[in-house]
Protein chains: 2
Amino acid sequence: MARNASLSGFPEWLPQERLVEQHVLDTLRRTFELHGFGSVETRAVETVGQLLRKGEIDKEVYALSRLQDDDGNAATGAREDPNQLALHFDLTVPFARYVVENAGYLSFPFRRYQIQKVWRGERPQEGRAREFTQADIDVVGDGVLPFRYDVELALVIAEALSALPIPAFKLRINNRKLAEGFYRGIGLADTAGVLRSIDKLEKIGAEAVAGLLTSELGATAEQAAQALALASIRTEDTSFVAKVRALGVTNELMEEGLNELEQVIAAAVTSAPGSVVADLSIARGLDYYTGTVYETVLVGHEALGSICSGGRYDALASKGSRKFPGVGLSIGVTRLVSRILSQEFAKSSRSVPTAVLVALADEDSWTAAQEVAASLRARGISTEVAAKADKFGKQIKYADKRGIPYVWFTDGDGAHQVKDIRSGEQLAADPGTWMPPAEDLKPQIVTA
Amino acid sequence: MARNASLSGFPEWLPQERLVEQHVLDTLRRTFELHGFGSVETRAVETVGQLLRKGEIDKEVYALSRLQDDDGNAATGAREDPNQLALHFDLTVPFARYVVENAGYLSFPFRRYQIQKVWRGERPQEGRAREFTQADIDVVGDGVLPFRYDVELALVIAEALSALPIPAFKLRINNRKLAEGFYRGIGLADTAGVLRSIDKLEKIGAEAVAGLLTSELGATAEQAAQALALASIRTEDTSFVAKVRALGVTNELMEEGLNELEQVIAAAVTSAPGSVVADLSIARGLDYYTGTVYETVLVGHEALGSICSGGRYDALASKGSRKFPGVGLSIGVTRLVSRILSQEFAKSSRSVPTAVLVALADEDSWTAAQEVAASLRARGISTEVAAKADKFGKQIKYADKRGIPYVWFTDGDGAHQVKDIRSGEQLAADPGTWMPPAEDLKPQIVTA
């Protein structure tokens, strides 16, 4: 399983690895649909103008050009052209465009999940691919969106992650209003600048962040110390509220943020005890978040980075004066699956869907064997028919190599027997009624 | 449903349309897995060298470039560079590369299905998009692959198509050996040239094809007439064999092809009567087919083009002297779904997965409502909780707009009732045991 991708940054799975990925994707889909999220897909391409509307990340974008244009000339990059097509780098920006374009056909609040590949031209490294799958859920309102969705999304995502074959996770939650109000309360006006500095805390440490705050943002040593004191608060319950108050800062926006975060943490702690933490150092790089922010680490695998992030955005999508505020989270599926496979957190019990191989006694029995197979498939049993009447030993070996648990034999008199090739047990069976044990019906994803 | 894509050639579906697409994709996946095909995905990008290894279609390929390279210069197209990355235009070429790269990890004959988007920079028109989904099945052997797989794949694909909400289809099957042997038998040596001309039969007619054969390939009028006579044979059973023989041509390769096609048609006619036809005019454009070729039209929608095509290829993938012959078919999912939606062959019974909305009597009951929802979800019932304690009429309207069939009420004493908002019937219910009728559990895809 330690194969290298033939093209760096573009992982591909073997069939038995893909079964693990399918299990992850199916589990997410089932959880999202149980919570009333419907599926949407958007095209893989956006215009460069749309992609770069927010944030400065144009180094990471793959632009498209027809290999040969209609006149037969080689295409040239056209970075200046906002209508230039490029591959999307996340699912939030395309979704915002989709909502604005289709607003007349959607019912708001609109809840959707979206599971697709995205592309970033970054330098590949562990946990960072150039092509990877994201699984997003968002709820978007027309004009307003009740805060309660910020609470609900934390619960949905905790339930979804809990259903995956991964180690314990920590969903770290903060609120931008809390942080921004606090910074204003201590007299720091460039709140975005402070957030950007605080965002570097884990990378460069508290001392260096204090240096940035004083040198670049004109903070006094005391203001820097206050900002860092806020960022150091981390509680697994709502006791962060008292800790913030103890810092002695008053501000209306901060109070709003405190109240919101308290609601999210109170509900999430009840629903997913031990998996949720109020972490006031979480800033999230992207500028469009305006309230709750989420990120998630696997316990013991913190260096992998966040496996699930998101937040509340009040102004990502708008159509004239009409605003579509939303809240959403995005799971890094490829990052998770890569780690599940490399650490063998889970694997598939076999490499094929097939539960039964129908063996051939002679070449003429192929049509009859197809009828046996059709009977079994009608009850949901994945079945293959041998392509050649090789010696039975060779046909059994075909099944054995793939982990197919059962081989079916029909003799010249039309009598049927089925053999469990693991135990060697062979019994008479009726193609119209026989069922394998439930655990043999489909490949099982077995956790370590 | 007659919305235009905001970017020509890149269709996007509304949530209720996406449910139809998901039904198609889920049905194909289930059928393929029941027949023992496992899932594989390949990366979206290949090198230009890999993509253009076969055939001359470089006008259709989308090349990639980083919008800004590492030095900050605008990227330029590099058509001459075989390592240039580009988006795949089908799933067969990437699969052939995948097989060669991973041969040491796969069990042969290797059967896989692959459902992914592909991209072609073509002029968009009805049934021809720039981004579209294909669903492929292939079986690939190591060195040799028994001919019987050509028969089996016809059966699998007929079963898969029969399970979709589409009109009757015709799976037209031919065999290149038959055609090539026949052409040689009548003294035409450039068999590929003859096939290319015959491929134009439906577009330009018999007279024009005869003209091409005589003017460009040096055929006599009689040879052209013979080639056209072969191409005019079309039978829904194995009687094509006698019709070919009646043309009086003898050739060993032709006999081999006749025998193979007879086997495919005999089995397919039994398994999918009325849906299969031996059609000796089918040539398929791509050069890599070497035996059986398939294509499929929807009856009454022939102008849409083929919705499912493929064939046997003996030399698409090789590793040194090791050859990996295969046979496969590809379903044009987007082409089918576009037609299903535009002709309303099928639609979804509601626009969301949700079966139950749990209403709120007051704001404080949200947490209790979450518990009701969790009970229902534990039995697979998709459930949403209202985000606000609006008047019940407004909460019911939320459900009604989305087609959510049931609204759940809990009164101050904890007594539960569930209302079918279509009939207005409201009954006492227990969140731990209540089930909706099976047809209300999930959105149903209803055929017209």
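Backbone N, Cα and C atoms are what each Cβ position is placed from, and that goes for glycine too.
What TrEMBL says about a protein is an automatic prediction, not a curated fact.
Just so it is clear, the model here is predicted, and its values are computed rather than measured.
The annotation L-histidine binding site is assigned in TrEMBL to A:Asp90, A:Leu91, A:Thr92, A:Arg120, A:Gln134, A:Asp138, A:Arg284, A:Tyr288, A:Tyr289. Among the features that TrEMBL reports, domain 'Aminoacyl-transfer RNA synthetases class-II family profile' is placed at A:20-353.
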By Cβ count within 10 Å, point out the most packed of the binding-site residues listed: A:Thr92, A:Gln134. A:Thr92
CB contacts for A:Tyr289 (L-histidine binding site) [other CB atoms within 10 A, all chains]: 23
Can you tell me how spread out the L-histidine site is, meaning the largest CA to CA distance among A:Asp90, A:Leu91, A:Thr92, A:Arg120, A:Gln134, A:Asp138, A:Arg284, A:Tyr288, A:Tyr289, in Å? 22
Around the C-beta of A:Arg284 (L-histidine binding site), how many further C-beta atoms are within 10 angstroms, looking at every protein chain? 18
If H, G and I count as helix, E and B as strand, and all else as coil, what does DSSP give for A:Gln134 (L-histidine binding site)? strand
Simplified to three states, DSSP reports A:Tyr289 (L-histidine binding site) as coil
Model confidence for the domain 'Aminoacyl-transfer RNA synthetases class-II family profile' (A:20-353), as mean pLDDT, reads 92
Listed in sequence order, the residues of the same chain lying six or more positions from A:Asp90 (L-histidine binding site) whose CB sits under 8 Å from its CB are A:Val118, A:Gln134, A:Ser330
